[in-house]
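K.L.:
Here you go, one structure.
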Ligand code: LLP
């Protein structure tokens, strides 16, 4: 369920018409519904209510805006971070350091030190050497780093290749059959408290079967580690639940996911950690845009909008589908291609799609843009960095400014030797 609906023939986010935000803030603009974020956070938690000990760490990468993080902190979520920048955001939004998990395959020594000094709750190690370095850095400082070892269960998540992470040829985690040996070597080091294991096999998963297969392998590993005398108190099951992007998409509900997890983990006797991203954020945001031109094309016209691949990269990068909906639909439809102003053919949001009929000057939105939308935006073609607005009830606020080309140019220099 979300809070994007039509009222008096016009798309609203909660109680605010999209046209009002577009008039005040301009387009393109991301618009988030705080109530939808809250609801998704609650539904995910309720889905896991049969599990005894649960820690929820929202995967900040999906949507790191600090207003969003503030809402999720209110809902009792901690954070899964993959850089010190994300850690700083979580802390700035009021999340407690002990509720922060640090994932990521390339944490630098400086990042490990910053996270140790902040006192974060868990480091998810991606290779043995990282564990040895972390132990040493912690020990030197008189600290003990809480950690898990991320294992690669060699499961095909059945999702887009660019967002699959759990096959053995992917860069993530350690081979599951080598985990015991690594555990033996790392667990004895001063400076580290190896509490368990972590896994994450991919994103936008439409089927629970690969998750179940991965979790079963992790369960076998937990038994094996215990058999070898290790104390295992935590297992991090990652994120990955898919969301519907178009009508007719059927995705596993959090309740079905929770039921599967409860069944697979019933004898584990650990604290289970989760890192949901897209399932919380995806359908809590839209990207509002204005139609610049409707340009005649060979088979269909091109609807050229003022949003582009630099604002919403997913279609160019993963051929992802985002529904396109007119803010004031007339009831008429048209066959069209939808593209942005950036100078490459990849800047295309859709080809040969039946959409609401639109003309120059009309407003529309790309739906399901709350996850991996604004956070992946760039200033390519010297376009401004897209702003973000949050709505709650009848209020709205700009929660990230549009960063103008002038501001970006002001951060650049011509070296002295080139000045005449
Ligand atoms: N935990 C780890 C270790 C991850 O790598 C990810 C996502 C998550 C949790 C959250 O996964 P989620 O619940 O959101 O599926 N930019 C891509 C998605 C990249 C996902 C990367 N890792 C896209 O736009 O589809």
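Keep in mind that glycine also has a Cβ here, set from the backbone N, Cα and C atoms.
Since the structure is predicted, the reported quantities are computational estimates derived from the model, not experimental observations.
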K.L.:
Can you match one of 240, 248, 340, 346 to the pyridoxal 5'-phosphate site that TrEMBL gives for 275, 276, 277, 278, 372?
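P.N.:
Candidate listed by TrEMBL for the same site: 240.
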K.L.:
Would you list, in sequence order, the residues of this chain other than 240, 275, 276, 277, 278, 372 that have their CB within 8 A of the centroid of the site's CB atoms, where the site is the one recorded for pyridoxal 5'-phosphate?
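P.N.:
The surrounding set, listed in chain order, is 59, 61, 62, 203, 239, 241, 279, 280, 281, 371.
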K.L.:
Going by C-alpha distance, which of the recorded positions 61, 314, 343, 344 is nearest to residue 240 (pyridoxal 5'-phosphate binding site)?
P.N.:
61
K.L.:
What number of additional C-beta atoms lies within 10 angstroms of the C-beta atom of residue 276 (pyridoxal 5'-phosphate binding site)?
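P.N.:
Excluding its own Cβ, residue 276 (pyridoxal 5'-phosphate binding site) sees 27 Cβ atoms within 10 Å.
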K.L.:
343, 344, 372: which of these recorded positions put a Cβ within less than 6 Å of any ligand 1 atom?
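P.N.:
So the answer is 372.
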K.L.:
List the residues of the same chain that sit at least 6 positions away from residue 61 (N6-(pyridoxal phosphate)lysine) in sequence and have their Cβ under 8 Å from its Cβ, in sequence order, or write 'none'.
P.N.:
80, 82, 86, 277, 372, 375
